[in-house]
Structures are given as C-alpha cells and as structure tokens.
Ligand SMILES: Nc1ncnc2c1ncn2[C@@H]1O[C@H](COP(=O)(O)OP(=O)(O)OP(=O)(O)O)[C@@H](O)[C@H]1O
Ligand SMILES: [Mg+2]
C-alpha cells in the first residue's frame, strides 16, 4: 500500500495575500504617477534598510511564538550602543565595530531576558512582546532624557541638549555614512544597485534558511508544532525558545544598524517605534502567517509591501486631492496588512482538517 | 545474563491515590519482559517513571530505587533517559504533527552533511534530507509498510501513526532498553507478528525489552518472562513455558472472562443508509467509489488491511475529509457532511483517534460522557426552554454517569476528574460511553476496543450487542480484529483499496477472510 501526500489547495493564504498586494501595488503605482525607476530605487533602498529586521521575525514564527514585535528591543539595544560610542567620539571603522560589539552584547542579554519572560507566558507571546516593547521604550527614553550628561559622562557636546542633560532629538551619523553603503555601487540606467549591501541581506537570508535546515532548526520547528510532545522526545523546549529570542534580537539589532547608517541620521526617541509593525506587515505581505514563515516569503514581502508603502501616499493624494491623506494611507496599509493576515490565519485554523 | 534494569520498592501516587505500590521488577539484557494488567493498573505510570517523563515530576515524583546498567538513576527529564540508551514507544504517541514522517522518525538523529558537522558543530550542521528519507523508509519497511516519508503526521490515520512511532525507536542504533507501551493495539495481526519478529531480533542483540500488551497471545509467544500488575501491585511473575493465557487473565482481573457473542440471525430490513460511489479523501486510508447498503437494525463489520479504507467511512461521515458521491440516510439524501447536522439526524461517528478527536482532555469525566447528547439533543439540560443558556442538570447526569462508569468499569478517582488523567484504556471507555449516551440510530465505531483490557473488551462488545438488540441501533463496526467482528456482526464487509471487495458471513472459514483481505477471490459465493 502506498499513501500519498494530499494535493495542496491552490487558494491558500500563502498565495492570496501576495497576489492581492501585487494587484494593489500595481494599481496604486498607476494612480500615483511615479516613474518606475523612482519606485524601484526606493524599493531597493528599503530592501536594504528593512531586510534584516524582517528576517529577524522568521525564526520566532517557526518556533510557534508568533510575530515578535519586540524586535524594537533589539533596535533600542543597537541605538544605545550607537549613542554610547558617539558620546565617546569614536569614529570610522573602529567606531562601527565597537557599535556592533556592544550592540550584540546588549541584545544577547536582552534576548535572553525576553526568552525567559516569554517562557512564562506560553501562548500569549505576541501581546507580551508588544507590551514589553512599550515598556523597554520608556526605560530607553528615561536613560537618554535624564541619564546622559548626569550619570553617564558625555565627551561629544554636539549630541547633548543645550542645558547639558539629555540627548538631542536628532543625532547625525555623518561619521559613519557612506562607509559600507556605497561599496560596489553601480547603476543600470537610472537604477542604482548597491551590490554589497544587497549581498549582505541575501547572506543573512541564506543564513536563516541554513539554520532552519539544521538540527537546531528542526528542533525549532518541533517546538513550534507541539511543545509538550517535545519534552517527551528529549528536546528542551524552554532552551530552544530562549535561543530563538536571542537570535531574533541580535538580528534585529544588526538590522536596525544597517537601517540607521543608511538613513544617515536618527531620531533618538522615535526611530525604533515603527520597526515592529512595519517589519511584521512586510513579512505577512509575503504570504507568511503567524504560524509559518519562510525566507522567500520575507524577501518577497519586503518588495511587495514597500512598493505599496511608497506609492500609496502619492496615489491617495492624486485620488482625493488632499496632501494630508498621504501619511494616513501608509498606516492604513501597514495595519491593514496585519489585520488581514490575522483574520486569514484564524480562518485557516478553523478548517476542520487541520487538527492538532 | 546481567540485569540492565533493576527496580526496587517503587511507589507512586497521584494526589494521594496510589498508582504503584512497592513494585520490584528487573529486566535482563537481551530479555523480552512482558507487562500485563487491567486498564488503570499502573503500566503506563511505571514506564513514564523509567523514561523520566515530566508528568511524573509534576505530580510529585516517586519513591523507590531504579538502577540502570548497574548505576542508580533518577531521571529529571526524558533527554537524560534517551542519552542513556532508553527508547520508548508511547501509548498515546510522541509525534510532531507539523513534521513529516521522515522528520519524525529521524528527529534528534538526523543525517547531516559531514563537512558542516566539522565546521559548525552538531547542532548547526546541515540536514541531509535524502539520506533521512531513505533510512526512514527502511525502518518502515521492516515493519511491513510502504509509506510516503513526506506526508505530515497530522494527515495520517492512527494506525499509520503507530507505525511511525515504532519506526522511530527501531531505527535507533544506541538502544539498550526499549519500552513499548501497547504498540500492537491498532496493528493488524500480520503487522503485529512482524513487530514481534523485530523485537526478537533486537533482544538477540542484547537489548532489554519491556513489552506491554493487552493481547495475551502475543505475550505468550514472545516474552521470556511476564509480570502481572493489578491495582498497582505486582501480583505474579512467570517464566517462559509457564505462561498460560487463562492464568494471566485471572491474575489481572481476579476472575475469568466470559466472551461476548451475538446470536446468529438473518436481517431482512430496508436499508437505513446507502452509499453510492462514495469517496473519502483521507490520506493513506482513501475510500474510492464505495457502494454499500446498511440495513436497519444490523451490525455490519468493516475490515481491511491497514490503509485500505475501513477507518475512513466514519471520518467521512463527520465531514473531516473531503467526500464525493451520494449518501442516502433514511431515504433522504445527505448533501453536506457536517458532524453536528448528522448527530441531530441520528448518525454518530466515533473516531479511532481518541486523543485528537474523541475526548475533551481537560474536561471532567462527567462532561465528556454527556457532552454530545446534551449538545445535540439537550438530554441533560436543566431547562428545555433555553437549552443553550441552561446548565447541566446534575440530578440527571450523575445517575447516568454512575451507570456508565459501572457498566464499563471505568477506573477514576471521581466523576470530576479530568479525562486527561485517566489511563489510556479508560479514556477509550469514556469515548464509547459518550457515543452510547447520544443514542444515535446509526453508530459508526472504529477500533472501539483499542487499548482496553480483556475484560473491558468483552464488556464493550456485549454492550454494543445489547444496545443493538434493545434499542434497534444500527452499528457499522470498523476493526482490524477479525475475531471481534466475527463474534458481534451479522455481516462482515472486507475492503480492498477503498472498495468493498466482498461481504462475508461471520461464520465463514478463516481462509476466506484471509483471501478476501489480500484481494483474492475464494471459492465461496457472496452472502
Ligand atoms: N496525570 C495523572 N493524574 C492523576 N491520575 C493519573 C494520572 N495518570 C494516571 N493516573 C491514574 O493512575 C492510574 C494508573 O494509570 P496508568 O495510565 O498507569 O494505567 P495503565 O495500566 O497504563 O492502563 P491502560 O491499560 O488503560 O493504559 C489510573 O487510575 C489513572 O487514573
Ligand atoms: Mg497505559
């Protein structure tokens, strides 16, 4: 006797959501009147900026922990390290390396703590990561509003407010700009291709793919599918989940660093606030769900989501002849994606055949 | 031969209720040691202790001493047991639903690409899927089964899951002690004997084996020694050649069993349900274009080799898998398969997958038994005016549950106990009790005696017969136990490749069944 795997239905969310995005972005692009090369250049930039942040979400999803909104914590870790290094006036490549080292150290620590916390709230990870994100944000603000210049000595007066305490709203990253972004940069017609940075993102994507196909990755999958059974099979669920959170937080930290240095300056108090939402939306746009995510969905999702993200304000403006609507359209797209993906997910769970 | 395992003065209780009392047991290297006992006698508890299962810790640990290979052990978790070379085939399976067959079999022992192993260490070396698939196929073949290694576990039927569960353990090369908790409960006889052959071969290699089964013939055939548990106490032990089935049965339950048997009769009634070109797309258990009439008031048996579709009929009637074709119930066509609609019409299908579909694990025994009847027919609600809002009427449920617990001999601490905490066989009894409580006109049962002890098996069978005779309940009885079908059914349909191959009368000779099962036409005419 021979048993065969069932034919996968063609119309599942893995296909529907990206298809909807494709159609929407195309329509919005037509309405917006933006040139193709402009949009493409923008999308490539966003691909580099947001790539690692979106990739950081994959492993927690596979581990059954849902969307990790606390990648903002990783972002704050790297921002902290960045501000420390700037405060001591360390420039150039040594500065970049030091930022990385401190940032990774901090995010390993924070990832560990996050993992420990999430192990206590199994099944409610998503809401917990959102709240933790808010909470860490308030600690972060406290440190930079009153800690800098008082408890922490600062040798770089440019970043301090005139009263001598607290960091300015915006800090210039000029001293790191154009160090890695412009490596191997070439253009085809009007389109600029920063090959080195694209390769970096793809390298990390390959890394995630690789990890998911190792013994560790298999354990992550098992934990995501049936945590209780894992204990019986000799897999230490809690440890796997902690490792997953550490990995995700470190990746988020590196991702935020790429993001900030690419922009060239950063809003100390707000730069990290939207990373969670936007990255999650991008992942979902690629067809991932809160139960399953693949590397290719992340890569596809970044392209689709950001295309829509770039053209929708212009499209909105053209449609309704109102400039203020632009920003509104962006948040509409971001939250709309997440809401849609969540609904599609719940719908899938109710299909009787997918039983535990 | 030295003892690989030595258990002395082992005691274990759950919430003050003892489950094991002063148990002494040893297993020699290269020995197959049988363990028998009625449902709830503590067999699984004993195995769980040996394997370091978390549930033992969570319920307060145990007292006593266990030595493994001469060293005293006290496992905190299963991974310690696994790394000592202990393997376990779990009664309720330890399979990961989202992983495939091959991934489950090789979990923790995956083949990896050698150079990544050296480069990045054990945890982060790249898995060689092709290699894994091949070696899991090999393990499955040893058990006499061909199975696509890329199917996800959640799409498999219970008996295919059982194969995967066993294959995972026999594929291990580092085993020193193998624990098997009712591995043959859902296997057909042929497959069971193949497994026993493998066990013999493994014990020949010096592996100690602890084997639990409710099928005493298997115990007699394969065990070097057998120990009998009764209410948590070890009451007897026999050496090979001194194992007698009747003696074992008496030791287990304290009395001998009377075999249930229905009288022979000829049913001449109208069809209650008719299947025309009926198909069910259940992976590994498909039904294709089945035509069948089930007459009112009969008990019809369904049997087949594993994978030939006997289990899928009930699942199809519950709407769990896509179906095609026509179904006429009581001269009315059923257009949409919906479990609730069907229950209201009087059709109830009891699946063989009790963990996944049969029980509400975290609900009380009482709720489990009355749940369906109350949902579909408000049989136990306090007010008939607002049935959805009203609570259970305990004055009516308690006597009913009491009767069921007595009839089936369900071993429980109280009616409020969570079903999760009952032993495997007792969970099975709860499922049957629930089906009978709903009083359907047409009942589909699949492997109803899976994992129940010899005495409870007869109770379930005679209950099915009784309820069929007194309430005129029509029963479609799918099972791989031919002997049970022969004693209970009026007709037995043999399925091959998802179709009815032949319908035989229960007193047809064995050979006819054997021939029909393998798809060869015998001499006899159809009934
Ligand atoms: N987690 C638990 N909490 C409370 N009681 C339990 C728990 N697990 C088992 N028990 C009780 O311990 C007793 C022994 O159960 P066990 O599962 O060991 O029986 P068994 O011999 O394996 O039976 P079966 O043949 O039905 O599988 C039963 O009375 C059961 O109700
Ligand atoms: Mg048991």
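Including glycine, each Cβ sits where the backbone N, Cα and C put it.
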Worksheet item: With the ranges A:169-190, A:191-212 to choose from, which does TrEMBL describe as transmembrane segment?
Response: A:191-212
Worksheet entry | Chain residues outside the transmembrane segment (A:268-286) and at least six past its termini with a C-beta under 8 angstroms from it | 17-18, 21, 50, 53-54, 56-58, 61, 67, 69-72, 75-76, 79, 83, 129-130, 133, 137, 141, 144, 167-171, 252, 256, 259-260, 293, 296-302, 304-306, 308-309, 333-335, 337-338, 340-341
Discussion item. Check for me, if you would, whether the transmembrane segment (A:96-115) reaches the transmembrane segment (A:244-262) - at least 3 Cβ pairs under 8 Å, residues 6 or more apart in sequence.
Written reply: yes
Discussion item. Under 8 Å for C-beta pairs, could you tell me which stretch among A:16-40, A:52-76, A:244-262, A:298-316, A:328-347 has the largest tally with the transmembrane segment (A:191-212)?
Written reply: A:52-76
Item to complete: Report, as numbers and ranges, which residues of the same chain sit near the transmembrane segment (A:298-316): CB under 8 Å and 6 or more residues beyond its ends.
Response: 18, 21-22, 24-25, 27-29, 31-34, 39, 42-43, 46-47, 50-51, 54-55, 57-58, 205, 278, 281-288, 322, 325-330, 332-334, 337
